[in-house]
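As recorded in TrEMBL:
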type	residues	note
ACT_SITE	D415	active site
BINDING	Q236, K252, E420, D430	ATP binding site
BINDING	D271, D430	Mn(2+) binding site
DOMAIN	320-516	domain 'FAM20 C-terminal'
TRANSMEM	12-37	transmembrane segment
TRANSMEM	76-92	transmembrane segment
Amino acid sequence: MAIVDVLSADNVLFRIFVTYCGILLIKMLLMSLVTVYHRFKNNASMNPEDVFFNKNFEVKLHDDVERTRRAHLNDLENIIAFIFISFLFILTEPNEIFASWLIRIAGITRIAHSFIYINQVRQPFRAICFYITYSKFGFDDQIINEEQSSEDQIRLKAIYRNKNPKFSKIKENLVRNFKPCKRDKNFIQIWTEADSWSKNSSNEIYPAFSPLMCQLLTALKEAPIIAAQNARRGTQLKLNITLIGNKTIYFKPAWYSRNQIIDGEVYSGKDRHNSEVFGFYLGAVLNMRWTSIAVGRSINLKEIFEVADKELQETVISKNNGSRLCVYGKCFYCKATEAVCGNRSHYLEGVFLYEIPGSIQKHKSPWQRTYKDGQRAQWENDDNYCHGVKQKLSHVRLLDLIDASIFDFLIQNGDRHHYETRKNRLLLLDNGKGFGTYYKDFNDILAPLYQCCILRKTTYARLLLFTGGALSEILKEMTQHDFLHPVITDSHFHAIERRLLKVFSMIEFCRSKYGNSIFQ
């Protein structure tokens, strides 16, 4: 993240830092007024000339006044250091939740310290407040050193941090391919031509450049819905929506707002519809055109009910005295108590996913998690795990899975327990578990890369085109016309840039062990 982004009002951690700095500075200024109050209360002055101002004043020391002065001096010694060290701390881009609580706790304990000092609360309470603040400084110093060490590793190659001169041309072509346009073909013509794309390729769903792409995206946003039913595929709520021209697509609803944080395991929570849209554009950028074509769109649940089959209609319920329509569908985890609801106009935001034609096979991922507390999978304990995988999978399949791990790591989609193939090539379907958090990276998503230490030359070359902030720049521009705009928050964009550097760092780790032979 650039310094200008770190020191931006869009950065939650910087806002917290500024807020607590302001609170502590005001508190430090108020300590002067508290000192004045005790001087007047106890008629104690430090200066002879003050006696002429108030006949009751005496030039003397008073314990209450001196105690307040010492508390004020303690603020001067510590709050300035707190501000300076905390400023350096946030420049290292630490874990946002951890760092924000450090700042909050240190700020609160400084206020508590003064209250305890002035009111003569017995020890060890004042000492506890003092050492909590200093412990915060210790954490800051340790993290600053760790982050600086990490930065030094990346800086070994400036090529990973600077923008690639070739980026401008690539950006121009990619953005042009996804710019909005008016349809000059009817819906049936668009569906037919789009279906032919994937029929002519093993795993690429759409071509790198096609004048039809913008028309297809427009058609998916505009085409009237003529039928709806439950989609049986997967474990979460999805609908099969039939558009005019007899084109079936999948609909995934919005369960969360863009700003909501999904804490816990990497697979926690329900699918994020915006992750599917972002994954589509990321796949285009990385030339991994193996994702479903995705667009954000709202559906009217009242209209859906009218065209739905009986099974789906039975899962549509009303809440708040009929003012809100909700749907829970039919799936493994679907239940009436967890229905998703439209707004007061019955509109429900979600994503349309273009159905991929052809026969699709499902396979268990070699890097599947156990999904059991305290129980680790073999790959999580065995550094030589990839040796066995190489004996079971073809070389092409393994390279596909490594590409997929990079794709998943960038969006933090750590729930690919199974993967799909068509004509023996991998597809990137079900990308909805991305963007649960922006402050934490689950590095084990990259296990296929760092355990196998091989990578396609073309993948590495493609990643190098989007260094120095270029990845966020192009994805912001490509996604700005989608209905869900902004598809992700700035905090998530910053996290993607951080993760891209980690990918490069992992590649360098492999190169340090095996040289350029890692590139296939």
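Every residue, even glycine, has its Cβ placed from backbone N, Cα and C.
A map of TrEMBL features onto the structure.
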residue	record	Cβ within 10 Å
Q236	ATP binding site	20
K252	ATP binding site	27
D271	Mn(2+) binding site	25
D415	active site	24
E420	ATP binding site	18
D430	ATP binding site	26
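Counting in whole angstrom, D430 (ATP binding site) lies 9 from D271 (Mn(2+) binding site) by their C-alpha atoms. Averaged over the domain 'FAM20 C-terminal' (320-516), the predicted model has a pLDDT of 94.
Between the CA atoms of K252 (ATP binding site) and D415 (active site) there is a gap of 17 Å, rounded to the nearest whole number. D271 (Mn(2+) binding site) sits 8 Å from Q236 (ATP binding site), counting Cα to Cα. Of the recorded residues, Q236 (ATP binding site) and D415 (active site) place their C-alpha atoms 13 Å from one another.
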